Amino acid sequence: SSFFYRMGGRNETKVMHFILLGFPTTGELQLLLFSALLLVYLLTVLENFLIILIIRNNHSLQKPMYFFLGNLSFLEIWYVSVIEPKMIRDVLSQDKRISFQGCMAQLHFFVTFVCTEYVLLAVMAYDRFVAICKPLRYPLIMSHKLCAQLVAACWMCGLTTSSIKLGFIARLSFCDVDKINHYFCDISPLLNISCSDSSLAKLVDFTLALLVIMLPLCAVVASYICILFTVMKIPSSQGRQKAFSTCSSHLTVVILFYSTTLFTYARPKLMYAYRANKAVSVLYTVVVPLLNPLIYCLRNKEVRVAMRKTFTCRR
């Protein structure tokens, strides 16, 4: 998994492959874990695909809120597909290697999708803010053009952040140590096994992680503070409940996604020292993407009605 080359008059070893240690299991546990992960992956892809289908096929859901939800589902199909197929294969396989190029590619796409989701969730919060705090101007402000521009900006932010981070990480040298104590190529484990000075890469990673997490989080918090003040002014309890119901599913998804990823990436070097890092990673790469479509379907009346219409018409 490595080759020797001469540098400065001495031999050094450059790693060509990494070994993902994943989750150490034996016998029946391996098969059980493989089956569970495969089922979760297939369900996640199916759920998100169904949400996209329902939104496209129902005229009542042709609104900015559901346009963003459809984009979130599209994003999460790719998000889980970057991580889970390789993880599922490695559970049963003896060969847990991933090439250096494959590792960098997985890292690039993963960081792109995670950062895009942070910003997209903030955009969805802004959409709810305009809908509740400026209802009369909502159709004018949240035009089709602005919605498309906001989604494009989310993707550009994700791609730019990922490219900058990868530019620093790909330059690092990895000598002798080729084992990554994780089930996918994540930033923190890679930085910790580098044999070159990774202080600048760590600083860039930490700074960008804070910016990409905290700025959208501040936008979400500010949006919901404004929403809360506006809703509290509504005289009827039924009106307040109706206003809150349009935000509840989004708020639940935001809390799940931000809390698990913030726990991991706010202090990447510190968290790598604990096995909890791997367990929390499972939450935001496996569990949260599985729950998101269920949350939107179960807590959103319009989506439930549209789903019934879609399947009734098809039958």
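Quick reminder: no glycine exception, Cβ is built from N, Cα and C everywhere.
Residues or ranges marked as domain 'G-protein coupled receptors family 1 profile' in TrEMBL: 47-296. According to TrEMBL, the transmembrane segment annotation covers 31-54, 66-85, 105-126, 146-164, 206-231, 243-266, 278-298.
Most Cβ pairs under 8 Å to the transmembrane segment (66-85), among the stretches 31-54, 146-164, 278-298, belong to 31-54.
Looking at the domain 'G-protein coupled receptors family 1 profile' (47-296) alone, the prediction's average pLDDT is 86.
Long-range contacts of the transmembrane segment (105-126) within the same chain, counting only residues at least 6 positions beyond its ends with a Cβ under 8 Å from a Cβ of the stretch, are 65, 68-69, 71-72, 75-76, 78-79, 82-83, 86, 98, 150-151, 153-155, 157-159, 161-163, 165-166, 169, 184-187, 190, 212-213, 215-217, 219-220, 223-224, 250, 253-254, 257-258, 261. Residues 23, 25, 61, 69-70, 73-74, 76-77, 80-81, 84-85, 87-88, 91-92, 286-287, 289-290, 292-294, 296-297, 303, 306-307, 310 of the same chain sit 6 or more residues outside the transmembrane segment (31-54) yet have a Cβ under 8 Å from a Cβ within it.
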